[in-house]
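Single-structure report; data block below.
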Ligand SMILES: *Cc1c(COP(=O)(O)O)cnc(C)c1O
């Protein structure tokens with residue numbers, strides 16, 4: 001079957017990730033209204049793939065009063081995006097550049113005596129970080145008492161100003177599982193007071209606990225996933241901000257028995273039409289979703305045929321009419337039946353967070 005090249009009227013010229021900041025704004029307002037205290041917008045990993053500066057500015061414009069990031073370098077990007085609320089960076093090596101933190105007005109977490117000792121010139125604003133159950137970042141509970149007295153000495157010496165005490169919950173998606181972490185943090189904050197410290201904020205909860213456990217809210221909730229429409233607790237409908245499209249770049253008719261893609265993991269069981277999309281695992285379509293994944297094309301969901309390649313996928317459209325330049329929707333909010341980020345995560349055996357933070361750099365971003 002010959003396939004004429006149709007007019008490109010309805011076409012998108014290149015793969016594109018469209019980012020709806022109004023959705024981020026609406027999600028932010030939801031957390032601001034439900035939080036018992038303040039909201040820290042977590043914009044690590046390029047704002048969960050939605051644009052660090054755009055998400056930070058949108059969140060602050062909609063009521064967030066803190067920004068949280070992982071690395072100091074991300075904190076600098078937040079400042080350079082024009083945000084002037086307090087910014088906290090919570091995962092840095094011992095030799096983190098404290099001068100940069102002070103110059104840009106970025107708070108640092110302190111998870112160990114070694115991190116504290118590395119602060120030679122201050123004062124830098126710090127949040128003492130307690131491991132409240134992940135055995136990951138944060139001070140081991142048995143080191144906390146020593147960290148408190150050292151922090152008090154460093155404060156008196158003018159090297160640090162202790163503004164916060166923080167923890168993180170290990171099992172917040174499980175109802176009723178937060179009590180040990182909450183108790184640990186409250187006890188840790190009390191020990192800080194007994195050491196003479198006067199942290200103004202205690203913070204523990206991220207998206208799941210913010211949505212399901214007001215007793216864990218304390219003074220600030222740190223919201224990342226929820227801002228971009230991901231609810232790991234499965235309790236709340238948030239607004240998805242992404243729509244990922246790609247143009248059909250080639251269409252071919254193939255005979256029954258044709259093997260598709262590397263390894264011929266898909267073999268057409270009838271004569272069919274195949275549409276080629278120029279997006280692959282380098283562009284964030286997980287290869288592990290091969291065999292289950294679908295895209296929206298020509299009015300309905302269609303199976304991705306064969307393995308997801310690095311740069312391309314093939315879509316089986318049966319006997320339906322599809323032309324070069326037609327737009328496929330990889331995922332979107334789901335309102336019109338298109339796959340969602342959550343669908344892709346399920347097909348790949350992962351969580352939505354990994355999908356949104358994995359869209360490759362060559363996908364054009366279009367911020368709305
Ligand atoms: C990523 C992160 C958050 C945000 O978690 P979400 O579940 O995405 O809201 C909060 N706190 C810490 C320490 C984090 O690393």
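The backbone N, Cα and C atoms fix where each Cβ goes, glycine too.
Curation plays no part in TrEMBL annotations; they are all automatic predictions.
Taken verbatim from TrEMBL:
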ACT_SITE  44  active site, proton acceptor
MOD_RES   44  N6-(pyridoxal phosphate)lysine
BINDING   136, 310  substrate binding site
DOMAIN    241-368  domain 'Alanine racemase C-terminal'
ACT_SITE  262  active site, proton acceptor
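Around the Cβ of residue 262 (active site, proton acceptor), a 10 Å sphere holds 11 further Cβ atoms from the protein chains shown. Fewest other C-beta atoms within 10 angstroms, among the recorded positions 44, 136, are seen around 136. Under the DSSP three-state reduction, residue 136 (substrate binding site) is assigned to coil, being neither helix nor strand. Here the Cα atom of residue 262 (active site, proton acceptor) is found 11 Å from that of residue 310 (substrate binding site). Between the C-alpha atoms of residue 44 (active site, proton acceptor) and residue 136 (substrate binding site), the distance comes to 17 Å. When secondary structure is read from DSSP and collapsed to three states, residue 262 (active site, proton acceptor) falls in the helix class. Per-class residue totals from DSSP over the domain 'Alanine racemase C-terminal' (241-368), listed helix then strand then coil: 22 helix, 46 strand, 60 coil.
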